[in-house]
Amino acid sequence: MSHATHLLGFPRIGAKRELKTLLERYWKQELDEAALSQGAKELRQKHWLLQKGAGVELSPVGDFSLYDHVLDAQLLVGAAPARFGFDAAALTTGQYFELARGNAVQPAMEMTKWFDTNYHYLVPEWHADTAFSAQPERLLSQLREARALGVAAKPVLLGPLSLLWLGKAKGRPFDRLALLPGLVAAYRELLSSLRAAGAEWAQIDEPILALDLEPSWLDAFAPAYAQLSRHAPKLLLATYFGDVSEHAARLKSLPVAGLHLDLVRAPEQISAFLPDYPADKVLSAGIVDGRNIWRADLSALLDRLAPLAQQLGDRLWLAPSCSLLHSPFDAAAETGLDPELKNWLAFAVQKLNELKTLKRGLEHGRSAIAGELSGSDFAREQRRASPRIHDPAVARRLAALPEGTDRRASPYPIRAERQQAWLKLPPLPTTTIGSFPQTPAIRASRAAFKKGELSAAGYRQAMEKEIELAIRRQEALGLDVLVHGEAERNDMVEYFGEQLAGFAFTAGGWVQSYGSRCVKPPIIFGDVARPKPMTVDWARYAQSLTAKPVKGMLTGPVTILQWSFVRDDLPRREVCRQIALALNDEVLDLEAAGIRVIQIDEPAIREGLPLKRAGRDVYLAWAGEAFRLSSRGVDDATQIHTHMCYSEFGDILPAIAALDADVITIETSRSDMALLADFGRFRYPNAIGPGVYDIHSPRVPSAAEIRALLDKALRVIPAERLWVNPDCGLKTRGWPEVEAALAAMVAVGRELREKLAQAA
């Protein structure tokens, strides 16, 4: 009996973020297109050979992308956004990046979260007359590359229903499903080309099956796949990120050769599929966690797999739960990590070995993997018994919290009056979201400090110089509420995690967020507490430089949770409450230091939502409680801000309002202020700062564009509750474009302020 091992996808960025380096050198015109193409090819080949060497029997092809796999899927079917005027059949590399990053004429495509992960995809744009045509050459070229290396390759495609669903209808209203026949025809041609090129299998991902879908979308699967299965390779329909058991009968009846199930997120769903599982289908068990970094309990997994192997025989395949895109590359490279903690970890490379071990155990018995099982069992018991995991003081503090302790003393209208009396802000106050450009000088100082080449005093002096520069530039621009610029911060989560008990950090545990943007999530391995203040000295120094209010800047508890690799031995709610209390200590210390505007960023609050409606109320209740716990006890005159991005809020606005932040800033420019309709219908009660320009693009907005967005905002939000700000932090931009964009933003804000005064 043999069980094939395969991957749904592999980290694109490389062991040392080679893709990031390639992209950024190309964008700076240090590499030409040929060098970029060759570098990407070499990276793909290195990854395929690594997988082959680790025993992976079917490697994914087409999961690699220069920017985003959803954008690539659009281009495979010839559907570049119409507003750019590009011919998808003759798209240049430069035009590809213009879609993702914008150009002088068109803003970049909208970007949003990939389901409940911290990866961002570019949102497809559909029009009623969108036409599709198969453009298979990129995929065929990569298939040829893999086969030339002797790699057994499995092309990977984002499925047509998911691609269509993930996009937005543009122009006149229409039903996106009206585009499905043309889209399916293009997919048929793609699949036919793959079959003709010798592909035995093709993986088609339909992650939307883990969502609450309307009947019309569900009903579209059977006829679509009836068409797709003709003249195609064997199709493996992949689902992930959640439970699809309610669709078991439908999925088992589809004319595909196999199904992939996420048995990490939803292990119980297997019971809905095993009865009467079709004899002509393989079942791919997503048994190794593709999204977290903890070492697998191999003994327990073998116990779960044994009955599946007995029933299915060779038709049982082994795989990670989802693409390893969401996993860091290689834990073996973490030479500076505590050895005990390192022994608990498995990154992408280690997960390949776990698959190989499980395969050997199923095929040859546990005695064949006795050493691996012993190591796995030891790591599990070592972690369970480790005294570093539990802090009794944290547990006592949580248990002692009185009921209702997360509520502000007074309602928003009273707080707003007291805050205005203290802050004396003009109408339409201008501010930024927090970070300013991380210049080469800043990065060099931080690197030198971490290497011991720069003393603590020297580092503080360098950072204070950058803070003063940021304050002076903001004063010159005329902003009303200033920020210190976060020069001292490497990452909005890592910075805090480095100073909190219960966190650990890797040197190379990077994962892709979007394009060349990578993040290095901290590891929450134990109880969380704040040993000492984290931001107070920097904020106090910044405030000493100016008479204008300076915001204290914190990352919120839900975002720290969502953007970390979280311990799996405690409910996420409890971990989040621990983080909230640690942050509350910081908030109260900031207030005591004279900081009267404190921003608690929660850009990730929506991505924590369960993908299905069941369970969302429970999540939103504890997420809201955690946010309020983090700001509990502050004076009415202290203004609490929060920031959220890449989100659709319509269905969770009551929960957002329940956070009771005095000011919420949101990312809206890429969606042309579409989010504001939701806020208007809901009559959001507190102040709002909708982003007036897109910081993810190097393009500097015109005053006319900013004015148009603010005019839209003023139709929905009363002027006395409207703030003027960019979409997000400015860390990744350069100072010339930042100053130009902010100057335009401040000028438009003042212009509208004068109009309001005249109208009054």
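Placed from the backbone N, Cα and C atoms, the Cβ positions cover glycine too.
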Since Swiss-Prot lists Arg17, Glu18, Leu19, Lys20, Lys113, Arg517, Cys518, Glu607 for 5-methyltetrahydropteroyltri-L-glutamate, which candidate among Trp48, Trp165, Trp538, Trp563 does it give for that site as well? Trp563
In Swiss-Prot, the residues Ile433, Gly434, Ser435, Glu486 are said to bind L-methionine. Which of Asp303, Asp314, Asp601, Asp617 is said to bind at that same site? Asp601
Enumerate the residues of the same chain, Ile433, Gly434, Ser435, Glu486, Asp601 excluded, that satisfy the criterion Cβ within 8 A of the mean position of the Cβ atoms of the recorded L-methionine site; list them in sequence order. Thr432, Val483, Met492, Met553, Gln599, His643, Cys728, Gly729, Lys731
For Ile433 (L-homocysteine binding site), just give me the three-state DSSP call. coil
Spatially, and counting Cα to Cα, which of the binding-site residues is closest to Cys728 (Zn(2+) binding site)? Options: Arg17, Ile433, Gly434, Glu607. Ile433
Would you say which of the recorded positions Arg17, Lys113, His643, His696 has the most Cβ atoms within 10 Å of its own Cβ? His643
Counting across all protein chains shown, how many other Cβ atoms sit within 10 Å of the Cβ of Glu667 (Zn(2+) binding site)? 25
Whole-Å Cα distance, Cys518 (5-methyltetrahydropteroyltri-L-glutamate binding site) to Ser435 (L-homocysteine binding site), is 17
Could you work out which of the binding-site residues (Leu19, Ile433, Cys518, Cys645, Cys728) has its C-beta surrounded by the smallest number of other C-beta atoms within 10 A? Cys518
